[in-house]
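Everything on this sheet refers to the single structure shown next.
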Amino acid sequence: MNEIWTEKYRPRSLDDVIGQKDVTQRLKGYVEAKNMSHLMFAGSPGTGKTTCALALARGMFGESWKGNFIELNASDDRGIDTVRGKIKDFARTAPVEGAEFKIIFLDEADALTNDAQGALRRTMEKYSRTCRFILSCNYSSKIIDPIQSRCAVFRFRPLNDDDIREFLEKIASSENLDMEEGAMDSLVYIARGDMRKAVNTLQTSASVGGTITADTVSKVSGTANEKDVLEILTTALGGDFIGSRNKLDTIMINYGLSGQDVIRQIHSAVFTLPLETRDKVRLVDKIGEIEFRLIEGSNEKIQLEALLAYLVMAGGKS
Ligand SMILES: Nc1ncnc2c1ncn2[C@@H]1O[C@H](COP(=O)(O)OP(=O)(O)OP(=O)(O)O)[C@@H](O)[C@H]1O
């Protein structure tokens, strides 16, 4: 139970990476050619960017991959010093064990200031004979154009629910976990395409001991059950303001949710509600307004109750 499952179950080869088939297909081309350009991996967290960089290095360098690969995090030291220091130190030493070049994987490259990116660009040029960079970021638009134009860009999509479910089922079976029906649905709902979040939430839920239930998953992740959120909304739409308010109070206390947590979950539930598209659009507009007020520090109880009141009126049954 001590080992972190995101490491234990991290795919070692490009063939084992889940989803991201377009990306892995192209990366395998580099492995076959034993050569690559600078790369940029863009996409949301927990979708396989670091995993693919490691698998690419393994495929490219075989046994000697560790000596020819370094992983740095740009946000450890937001700025120019990371680029000038650690990167240059690694870049200026020759590749080991007959490799043609080394790979520098720079995570959260979009956290670098523009000045630091300028310095990075010069470093990329200076050492391009012996070093290839893989820049990982959530948003490629935050990377300056001269760097973007030097890189082949790879886009990582959030993983789909079936892929997440299948991966979690494999882990659950190899860890002999006892899971109640519904727990897996909650994990997939909470992950929203982020495999790291899915695996971490599964491990934390397992550490509680006993059968893993949807409720354990919700509690350890500080996320209400999808079913409970829908129930609050449909109760309000059905005209029962007091009933929906009581349910809301209960889930906020049980799961320790903040107003902002709740509003985000309500937002993602809107499109499953039995409403005309026009009414859903109005509701999204209202949610946007209330979320803004909550961020500005308004009283969360009053704001959330105002949203329930709005739903009661929208339902037209009070
Ligand atoms: N496509 C995938 N296939 C299998 N496992 C995955 C995949 N993506 C993520 N994981 C799991 O989630 C963990 C985190 O993934 P990874 O470090 O590759 O994410 P990332 O995209 O680099 O995220 P970040 O942007 O936060 O750095 C991995 O250790 C692995 O267990």
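Our numbering is plain: 1 for the first residue shown, then up by one each step along the chain.
Backbone N, Cα and C define each Cβ position, glycine as well.
According to DSSP, THR50 (ATP binding site) is assigned to a helical segment. Other Cβ atoms within 10 Å of the Cβ of THR50 (ATP binding site) number 19 in total over all chains. Residues annotated as ATP binding site in TrEMBL: GLY43, SER44, PRO45, GLY46, THR47, GLY48, LYS49, THR50.
Look at TrEMBL and you will find 35-160 tagged as domain 'AAA+ ATPase'. In the predicted structure, the domain 'AAA+ ATPase' (35-160) carries a mean pLDDT of 90.
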Please work out which residue of SER44, THR47 has the most C-beta neighbours within 10 angstroms of its C-beta, and give that one of the binding-site residues.
-> THR47
The domain 'AAA+ ATPase' (35-160): DSSP-derived helix, strand, coil residue counts | 59 helix, 30 strand, 37 coil
Residues that sit under 8 angstroms from LYS49 (ATP binding site) by C-beta distance, when 6+ apart in the chain | PHE41, GLY43, ASP107, SER136, PHE156
Could you tell me which of these binding-site residues, GLY43, PRO45, GLY48, has the greatest number of Cβ atoms within 10 Å of its own Cβ?
-> GLY48
Taking the recorded ATP site as GLY43, SER44, PRO45, GLY46, THR47, GLY48, LYS49, THR50, identify the other residues of that chain whose CB atom sits within 8 Å of the mean position of the site's CB atoms, giving them in sequence order.
-> PHE41, SER136, PHE156, ASP194, MET195, ARG196
